[in-house]
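The next block holds one structure in the form of structure tokens; read it before the comments.
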Amino acid sequence: MELSTYDFGHLQNLSSSLLTSSTNCLMKCLNERPQPFSKSSSSLITAAKKNSQVPSSQGIQKSSEKRLSMILRSEAAIEAIERKASSPAVKNNRFSPKLVLEALDNAIRRKRWESALKIFDLLRNQHWYEPRCQTYTKLLIMLGKCRQPKKASLLFEVMLLDGLKPTVDVYTALVSAYGYSGLLENALEIIDDMKLMLDCKPDVYTYSILINCCTKLRRFDMITHILADMSCLGIECSTVTYNTLIDGYGKAELFDLMESMLTDMLETGTCLPDVFTFNSVIGAYGNSGMIVEMEKWFDEFQLMGIKPSVMTFNILIKSYGKARMYDKMESVMEYMSKRFIPPTIVTYNIVIETFKRGGNIERMEEFFLKMKHQGMKPNAVTYCSLVSAYGKAGLMLKIDSVMRQIENSDVILDTTFFNSIISAYGQAGDMKRMGDMFSLMKDRDCEPDNITFATMIHAYKAMGMVEAAQNLENKITMTEHSPGTFAITSNNILVYGNNILVLSNDTFKLVRRQ
């Protein structure tokens, strides 16, 4: 594979949202109707440059501080409006439109669906309130992302009570709410209802959402029927539809179907491949260890005039690292440096994780320091890799050093990080520090998951602390009908919703309940 770049040409004017993920792309389509295509490639070039730019160290720090400040302001706005709405001393129908609408927007953006619904209920009680389909669409999209199909159904009923006539966007959002929650039959019923309406028939975006849901759920058996349904209605696939199918087939390792869909895409003459198509194809082969095929398609897409993005190079680095082809991995980074393509925090996290998996602590630390010297602030993913590597190597003093770095930073930790550090202290037999990390986890508002509890129970039992393990098991509520609860069924099995976590001497195996 020769690393080279070609000029853009003969591409359509495509949305920059296609450079992220099919889900984000499709969700954006719910609020933005199709724009006419042109022969210019300027918008794709601009989007690719915008996504590949990394600011200076000072810019990164300011950007991080600004982002944190915005998050804090958003959280404060949501909490303030909730407190005022609950106060009996405040008239609930006399709020400022700006105050309520901003709080609602913040809650939706932060995917705090319970807060969003409370604020929306407050909004409906305002004397200046006017029902809008756009507001309902945003809420339905959010509920779909949060896997709350019942709430979405109830919200749709409220919309009808408000006297609004649902639009195509509203129905499409409802399809996504059902589809992404695995209720494909309900989603199909909505589409069947739309077919009976004169001015609200499903369009390519509605079907693209449904197709995306099918690929996420691995229901590829339904796709042929959906495509036939589109054809009967005279609806042609868009670039988004093709990219969704290519990405879905690729992730499922259905390579023949993936390439067949790419061929269909090229034959249309109107839906040309873009950088998202590029990344989906080489990512599918690279993730499966099919390096030769990945390199072949890397060259093919460049011959089509599609320029690789930083995400493309990250895929190459990750694929080479997974295949333990470290020389090629570093050659990609050298190529990026020579072409003035700055690596991102994601790039460094991939390299750090690669050397962690290989047990090469020295090289991992080398890239960690290089990342910091370039002014990039480590995030929870970075620290998670470090802690995991140090834990496996028994370097507990270095884990303590990582924790001191975290205390002196504004990094936002997540459940995955805490699972790693709890596991590290558990394996080292330091039950006190493990308990401290669990307490810190709750202080940081990180919800423990099945891995957290299984790790701690396994550690207690390994140390012969049967009573401590039993006490923790007793705190876990046994509820078969609630997907967010835990249940210990035996000494070595932890049930979490539809998952079963089987504990062995050194590892955990997660399987699905049938």
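Even glycines carry a Cβ here, placed using N, Cα and C.
Features reported for this protein in TrEMBL:
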REPEAT    132-166  repeat 'PPR'
REPEAT    203-237  repeat 'PPR'
REPEAT    238-272  repeat 'PPR'
REPEAT    274-308  repeat 'PPR'
REPEAT    309-343  repeat 'PPR'
REPEAT    344-378  repeat 'PPR'
REPEAT    379-413  repeat 'PPR'
REPEAT    414-448  repeat 'PPR'
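Looking just at the repeat 'PPR' (238-272), the mean pLDDT is 94. If one looks beyond the repeat 'PPR' (379-413) by at least 6 residues along the same chain, the residues whose Cβ comes under 8 Å of a Cβ in the stretch are 64-65, 68, 345, 348-349, 352-353, 355-356, 359, 361, 364, 368, 371, 420-421, 423-425, 427-428, 430, 444, 446. Among residues of the same chain six or more beyond the repeat 'PPR' (203-237), those with a C-beta under 8 A of the stretch's C-beta atoms are 22-23, 26, 29-30, 34, 168, 171-172, 175-176, 179-180, 182, 184, 187-188, 191, 194-195, 244-245, 247-249, 251-252, 254, 257, 264-265, 268, 271.
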